[in-house]
Every structure is written in structure tokens, then in C-alpha cells.
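K.L.:
A single structure is presented below for examination.
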């Protein structure tokens with residue numbers, strides 16, 4: 001196959017800027033998928049992706065256009081899924097930068113463009129939704145030039161929804177994106193693993209981009225990170241359905257089935273090479289994924305623990321970023337502590353478990369990894385608040401900080417700066433992008449961002465602000481563990497880590513919420529928030545009482561007193577042994593205590 005006829009590219013866009021729609025139009029225009037078979041968001045395979053209008057898993061598809069072969073790698077646009085983007089960009093030579101004509105450049109678009117520039121990709125600016133009344137093409141062109149520093153003079157103007165300008169996009173791919181580097185078939189094989197999924201009949205299917213050499217059916221290859229060896233049983237391309245081939249050559253993107261039974265054997269971003277003629281070094285530039293937040297997942301029905309375990313195993317086959325380990329809680333029984341890339345990532349996993357495996361899940365409040373130095377000098381890394389040592393054994397606590405870059409219209413600057421201050425933010429910089437838009441840079445504690453920062457940012461800015469972040473370092477903070485006691489019993493799953501300055505308002509808010517949520521019992525239930533052994537907030541859930549005197553009529557008053565005393569003694573005994581029923585909403589209440597920490 002002639003290398004000069006291949007073009008590998010990805011589409012970079014913020015959520016809702018029309019990326020999946022553009023991919024649909026390209027598939028339709030090139031007859032890769034017939035109009036009859038084309039579904040909206042064709043490359044988004046999960047129902048969840050279509051419902052939320054977002055791309056979660058990346059997809060690779062081969063497209064024929066005239067005498068050329070394109071490999072389009074569809075990428076996610078949300079900040080939580082940056083790892084998916086970085087992994088797909090490394091498999092391409094060019095990127096289509098898709099910008100909404102009415103909204104302009106957003107934070108996540110910029111983050112992904114920088115990833116593309118780091119990979120030395122050719123970037124083609126495309127302005128979408130030009131048919132909208134609010135479209136401002138000249139302003140967006142100026143933004144692209146000022147913010148990113150690439151020429152937007154020849155930016156392609158399209159409407160993906162109405163199919164306007166699609167042919168110009170295809171011609172630009174041919175003329176502007178360079179072909180893959182030429183390579184001799186006899187060169188050692190180097191192929192980048194950029195995705196994988198699990199097939200119940202064929203095991204783990206890996207998606208690869210062949211950089212040098214070739215790979216054929218029957219070849220034995222090894223992963224360079226762990227040296228595990230496998231033989232190729234089938235390989236081929238996606239068009240967008242799988243088509244089998246005998247070999248994949250340099251520049252091609254395709255899939256390989258090799259009876260890989262354990263998903264943990266496949267590390268996305270690894271390099272594969274042939275055992276007989278191995279490459280000396282792997283391809284550069286891949287990082288191991290590190291979760292930024294941790295949450296406990298527990299089945300509502302404790303008998304579904306094994307089903308939850310199997311379900312997590314199956315999902316982790318296609319989502320290599322999920323890290324989990326078993327844990328137990330006195331209140332909730334057996335479950336798992338799971339590491340995520342962000343709050344959206346967590347919500348999506350919970351929805352997938354509930355939909356695909358019919359599980360009912362209780363999720364505890366998300367937390368981050370804290371570095372705790374004990375008084376004896378020992379350093380511990382703890383992500384579960386219930387495992388924190390007692391305050392008198394702690395010498396210092398360090399928490400992760402992020403560098404947040406927030407894009408926003410000038411009119412919302414005051415409110416967003418106020419939000420960052422509420423979240424213990426440290427001001428770094430303010431940049432003027434144009435007459436109307438600003439880029440605000442803050443250092444923020446990660447634990448403050450994972451709760452409701454994104455939602456509040458959107459509501460304060462009427463949806464116009466966007467942000468991206470990176471974890472930068474750990475800093476010493478005045479943090480304390482806040483425990484909740486119900487009827488004198490500590491509920492470990494309700495424990496949380498709070499800043500000393502916000503402990504009292506947060507404790508008061510949480511006890512009031514729990515008082516409203518937890519149903520009344522036959523006995524009085526005190527709800528206490530404690531730090532160490534000190535109670536800092538308390539509410540009482542009043543008991544409901546049975547009218548034991550209802551059957552009395554007339555007679556001596558001592559009879560009435562005797563019945564009431566008997567009821568009182570019974571309630572006292574019940575209070576000692578009674579179990580408080582804690583509904584799922586109580587755990588969600590923790591997420592909602594971040595309303596404002598002023």
C-alpha cells in the first residue's frame with residue numbers, strides 16, 4: 001500500500017461544538033456508511049454517550065475518499081477524558097480543530113490543542129454552526145489566532161448539521177495533513193496501542209497504529225512494557241464494522257485479536273513489537289494514568305457483592321483508567337474503593353453499573369489522596385477518610401492542589417473569582433483574550449473541585465465559563481476529619497475531610513440535612529458531628545410515639561401514668577439496641593453540603 005495515500009487525523013472540539021455530527025457527515029459524504037444505516041452520533045457506541053450528547057470511548061474508523069484512505073480517530077471532549085484524547089492524538093499526524101461559531105474557543109479545546117501541538121500535529125481550523133443567527137465568524141477567527149497562535153485566515157466554514165462545507169474539509173485533509181512516515185516492511189515492528197475493549201469470544205481486542213514495519217496473522221508479538229508474548233489470530237480495520245485482513249502496514253490503523261484473556265496485560269499507550277525482529281526502544285510520550293479522586297461503591301443488596309466485582313472487572317476491560325480494590329464498612333458492608341479521573345467519570349461508571357448489570361449502588365462521598373505525616377515521622381497516603389488516624393497522632397496533612405485555567409466572559413469575572421475564593425483558591429493570573437473574554441488562573445485544592453465546582457461555575461456564568469486543570473503538587477493544609485454519629489454510633493461511610501476554617505458551618509449544614517433525610521424511628525436519634533472526641537454540631541430526630549393511653553376510659557390517673565412509664569422504659573431500652581436506618585440520600589447529602597463555605 002502506498003503510504004502517501006494515507007491520512008491519519010483526529011477531531012478536537014469542546015463538548016457540544018458538533019464533533020460527532022461532523023464525523024457523521026464525513027461517514028455519510030464518503031459513503032463509508034450508507035444514509036439508510038447512518039444513526040446520529042454513529043461513532044458513539046454507548047447509549048449513555050448518545051443520551052448525554054458526549055463522547056466517552058474513542059473510536060477509530062477507516063474511510064475511503066477518492067484514491068485516499070483516511071483513519072478518523074473520534075475523541076472525547078470532556079476534561080475527565082483527557083487521557084483518551086492524548087492517546088488518540090499520538091496515533092495521528094493531523095487534527096481538525098472544530099470551534100463553535102457562536103461560542104468561540106473553550107478551555108478544553110485549548111487543552112487538547114496544546115496536546116496536539118506537543119505531538120507536532122498539523123492543525124486545520126474549522127468553524128462550525130455558521131448558519132446560527134448568533135454566529136460571529138470574524139471574532140472566532142481572531143480568537144484562534146490570538147489564543148492559539150495559528151493562522152485562521154483560511155479556516156474552513158461549515159455547518160455539520162446541514163452538511164455545508166464537508167467537501168472542503170475532506171480536500172483540506174488530503175492537502176494539508178502529511179502522510180505517515182515511510183517505512184520498509186523489513187524494519188522492526190513498532191505499533192502504538194491506543195485503545196482496547198473486551199470481546200467475550202475473542203478476548204481483549206487491541207487497537208493499534210503501525211508506525212514502522214508490518215504485522216501479519218500468525219506473527220508472535222510482545223508488549224514492550226511487560227514483555228508478555230501473544231500470537232496474532234485475527235487482525236483488520238474498522239470501516240466502521242470490522243473487516244479482516246492478512247496484514248497491517250506502517251501508517252495503518254487497525255485492530256488485533258490475540259486471545260488475550262486478562263485486560264491487565266494490555267497497557268494503553270504501550271508499544272508492541274515482533275518477538276523475532278524486536279525494536280530496540282518503545283515509542284515515546286505515554287504516561288501511566290493516575291486517578292485524581294476515590295469513591296466507595298457498595299451494593300444496596302449485600303448479596304450482590306460478587307456481581308459488583310464481576311461487573312467492575314468487565315468494565316475495566318474497556319476502561320483502563322479505573323482502579324479498584326475491595327474495602328469494607330461497618331455501615332455498608334463489603335464494597336470497593338474506586339479511583340476515577342473526575343466526577344463525570346464516576347457518574348458514568350455508576351450509571352453503567354446500574355444499566356448494564358442491574359445493580360443498585362450506594363456511592364460514598366468522593367475523596368482525594370492525602371499525604372499524612374504521623375508524629376513518629378511515618379508518611380501515609382490515605383484516600384478513605386474513615387482510615388484517618390486520630391488527630392493527636394498526626395503532625396501534618398498535605399493535600400493535592402491543581403492549577404485551574406478558567407475561560408469566562410468579562411461580565412462574570414467577579415462572581416467566578418468569588419467562587420474560587422470560597423473554595424480556598426490562591427489567585428495566580430488574569431489574562432485578557434479579547435475585549436469580552438478573560439482567562440483566570442487559580443491554584444485550588446483538588447478536594448474542593450471534585451464536589452460541585454463545575455456545576456457552580458456553569459450556573460454562575462450561565463453556562464459560558466469553561467475550565468481545565470492539572471494536578472501540580474501537594475501543600476500543607478489545616479485539615480480535620482469530621483465524623484458523624486447516629487445514636488452514638490460512628491457511621492464510617494459518612495466521614496469526610498474538611499478544612500479547619502469551614503468545619504463548623506459544614507458540620508451544622510450536614511447534621512441539619514441528615515435530620516431531614518433520615519426517617520423518624522420509634523426512639524429519639526441524636527445526629528452528632530464530631531472532630532476527635534469533641535461534638536461540634538448536633539440535631540435530634542424526634543421519635544414518633546404510639547398513643548398507649550388510647551384504650552383507657554375513665555378510671556384512676558395512676559393507670560395512665562403506669563402505661564406512660566412503661567412506654568418510656570421500652571423506648572430507653574430500644575435506644576440502647578435500636579438500629580438506625582440510613583437511606584441512600586444521606587450519602588448524597590454530603591455532596592450537597594458544599595453550597596457555600598463563607
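Placed from the backbone N, Cα and C atoms, the Cβ positions cover glycine too.
What you see is a predicted model, and the numbers here were worked out from it, not measured in a lab.
Checked Swiss-Prot, it gives:
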- 4-181: domain 'tr-type G' (DOMAIN)
- 16, 17, 18, 19, 20, 21, 128, 129, 130, 131: GTP binding site (BINDING)
K.L.:
With a 10 Å radius around each C-beta, find which of these binding-site residues (20, 128) has the fewest other C-beta atoms nearby.
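P.N.:
Across 20, 128, these binding-site residues, the one with fewest Cβ atoms within 10 Å is 20.
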K.L.:
Tell me the Cβ contacts of residue 18 (GTP binding site) under 8 Å, same chain only and six or more apart in sequence, or just say none.
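P.N.:
Once residues fewer than 6 apart are set aside, residue 18 (GTP binding site) is near 98, 100, 128, 129, 160, 161.
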K.L.:
Let me make sure I understand the structure: which of the binding-site residues listed (16, 130) has the fewest other Cβ atoms within 10 A of its Cβ?
P.N.:
16
K.L.:
Among residues 16, 17, 18, 19, 20, 21, 128, 129, 130, 131 annotated as binding GTP, what is the maximum Cα-Cα distance? Answer in Å.
P.N.:
18
K.L.:
With H, G and I counted as helix, E and B as strand and the rest as coil, say where DSSP puts residue 20 (GTP binding site).
P.N.:
helix
K.L.:
Give the helix, strand or coil assignment DSSP yields for residue 128 (GTP binding site).
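P.N.:
Where residue 128 (GTP binding site) sits, the three-state DSSP reduction gives strand.
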